[in-house]
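Q: I have a structure here, written as structure tokens, and I will follow up with some questions on it.
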Amino acid sequence: MKNKTNLGLSVFFFFICLVSVTSDLEADRRALIALRDGVHGRPLLWNLTAPPCTWGGVQCESGRVTALRLPGVGLSGPLPIAIGNLTKLETLSFRFNALNGPLPPDFANLTLLRYLYLQGNAFSGEIPSFLFTLPNIIRINLAQNNFLGRIPDNVNSATRLATLYLQDNQLTGPIPEIKIKLQQFNVSSNQLNGSIPDPLSGMPKTAFLGNLLCGKPLDACPVNGTGNGTVTPGGKGKSDKLSAGAIVGIVIGCFVLLLVLFLIVFCLCRKKKKEQVVQSRSIEAAPVPTSSAAVAKESNGPPAVVANGASENGVSKNPAAVSKDLTFFVKSFGEFDLDGLLKASAEVLGKGTFGSSYKASFDHGLVVAVKRLRDVVVPEKEFREKLQVLGSISHANLVTLIAYYFSRDEKLVVFEYMSRGSLSALLHGNKGSGRSPLNWETRANIALGAARAISYLHSRDATTSHGNIKSSNILLSESFEAKVSDYCLAPMISPTSTPNRIDGYRAPEVTDARKISQKADVYSFGVLILELLTGKSPTHQQLHEEGVDLPRWVSSITEQQSPSDVFDPELTRYQSDSNENMIRLLNIGISCTTQYPDSRPTMPEVTRLIEEVSRSPASPGPLSD
């Protein structure tokens, strides 16, 4: 009898637990449906007749929703009040959508939340302080949004917080005194000011660029009476009021100072006018030289560096007419100055996403490449800070940055010159009888070299991305060694200047060319691999060749036919013995171009996989290390 009673109680409690779990999962289901119905943009294709744990992006444990990952799926509009009902949620990711408005207040109910990824949206308003009261939060990424106001003072309440990314917003004020031990931190490209707190002085310099900040790891703060390197607004002294006599004295002093300045300017103008009269009289008797710079300026042609020492927008070769000279990072390529660079004979190499490129040849034999940046949207201080970071980057498969020049009208970047030009020109250029096709070994070497360069960039910092990976930015040396160019320039350029021809490489979640990510780089690199193997251009128009949606085209062919059918005929005509390795590299490219960012491999993983392909016995030879 006793055993029957125990059995009955066990069954009773089992059904109680089952009903409880079912009701909790039903509450989660209602919250997810409210989210689906409340957001705009691309609809979430969830099968409402199936259990919510089977829906795309939803992950469950013990019958409850513990993770919701919907990165780059085209959601837009404000988030509804719904997610706070997912009380067992540990991971929430809405990365790289077009969501806007403030964060819903019911986020405060997510007491088990550990990872929050909201970067790459258009969320606005102040960063809610309740995010830092979540007891289990470990990682917060709010980068690349439109958040305003100050960083909440209660950051230290999040005692388990290890990562805080707030870059590329519109935050103002000082950084609060953060005492918790953060492993990753970034507030670059905001409007913050003041001194950097000592506990953050060990963070990389790039974490603070694009603000009015001072102190380690940036330049030291100016010494003043406030003790923190900044002028404290509203600071109280013994008296904030000035006497009437002091005010009168200040007014008289200002008047006298203005009068003196006026007299100085007046005298200088008269002197300059006399000099111009004398100069004009002497010039009247001399022949008038023809200025190719002036002709170029009137023709409204594409920007160029012209050989007589002026750029096409009229920048003079006269050293007195330029504000500053070149800033060098390496001088092993040879000595030259701005005047010499502008006098060098120039040849147009091409017009890219960020500006036009030229081959500059000096009389003494030195040859360099010059990129003339257009639509730079960052101020001079931030431009110089970012270029200093780029100048410190060195890798065998990255084009070396030699020097740069900044003025109001000109932004020039000088790189090493690569004699064989770009991969794009070799793949899609003249295919006449005199052209030597790229064989499998050369293409595999190019893929590996480019992968190593991008992997190196990603290893420097979790927020460092190339941002503009395409075949025209893969340059080749005389020995066909691949070197990647145009790295890390995207955040400085206006997104309106990025043409449609890069769309074929752009990841589906990227809506703003300046808001890039490492996973988006992986997608672009995957397209590059497919381009190498198929010989087809992914851009809308490339050297008069019609472009295709490469990932979709490759997917459609491989689903219906043999994978070998996608390969460039020039690649398979003479090297059928390498077919197995080509298919392996093709699969790497396909995995990189998966629609969902979280499903893509990292660049170190991609590099390792390509290295394994190179070591395969079927390969024509080991790829260079």
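Keep in mind that glycine also has a Cβ here, set from the backbone N, Cα and C atoms.
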Q: Going by Swiss-Prot, L349, G350, K351, G352, T353, F354, G355, S356, S357 bind ATP; tell me which of K343, K371 is listed for that site too.
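A: Of K343, K371, K371 joins L349, G350, K351, G352, T353, F354, G355, S356, S357 in the ATP site that Swiss-Prot records.
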Q: Which residue, chosen from S436, S562, S619, is annotated phosphoserine in Swiss-Prot?
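A: The residue tagged phosphoserine by Swiss-Prot is S619.
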Q: Within 10 Å of its Cβ, which one of these recorded positions (L349, T353, T442, T593) has the largest number of other Cβ atoms?
A: T593
Q: How big is the ATP site in terms of the longest C-alpha to C-alpha distance among L349, G350, K351, G352, T353, F354, G355, S356, S357, K371, in angstrom?
A: 14
Q: Would you mind listing the long-range same-chain contacts of the repeat 'LRR 5' (183-204), meaning Cβ under 8 Å and 6+ residues beyond its ends?
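A: Distant Cβ neighbours of the repeat 'LRR 5' (183-204) are 143, 151, 162-177, 210-218, 221, 228-230, 382, 461-463, 491.
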Q: I want to check the contact list for S517 (phosphoserine): same chain, sequence separation of six or more, C-beta distance under 8 angstroms. What comes out?
A: R95, F96, Q119, G120, S465, A507, V510, P597
Q: Quick check: of the modified residues listed here (S345, S422, T442, T593), which one has the Cα closest to that of G355 (ATP binding site)?
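A: For G355 (ATP binding site), the spatially nearest of the modified residues is S422.
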Q: Which residue counts does DSSP give the repeat 'LRR 3' (136-158) for helix, strand and coil?
A: 5 helix, 7 strand, 11 coil
Q: Work out the three-state DSSP category of T353 (ATP binding site).
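A: T353 (ATP binding site) sits in coil per DSSP, no helix or strand.
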Q: Per DSSP, what is the residue tally for the repeat 'LRR 4' (160-182) in helix, strand and coil?
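A: Summed over the repeat 'LRR 4' (160-182), the classes give 0 helix, 7 strand, 16 coil.
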Q: From the centroid of the CB atoms of L349, G350, K351, G352, T353, F354, G355, S356, S357, K371, the recorded ATP site, which same-chain residues not already listed sit within 8 A by their CB, in sequence order?
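A: Surrounding the site, in chain order, are R372.
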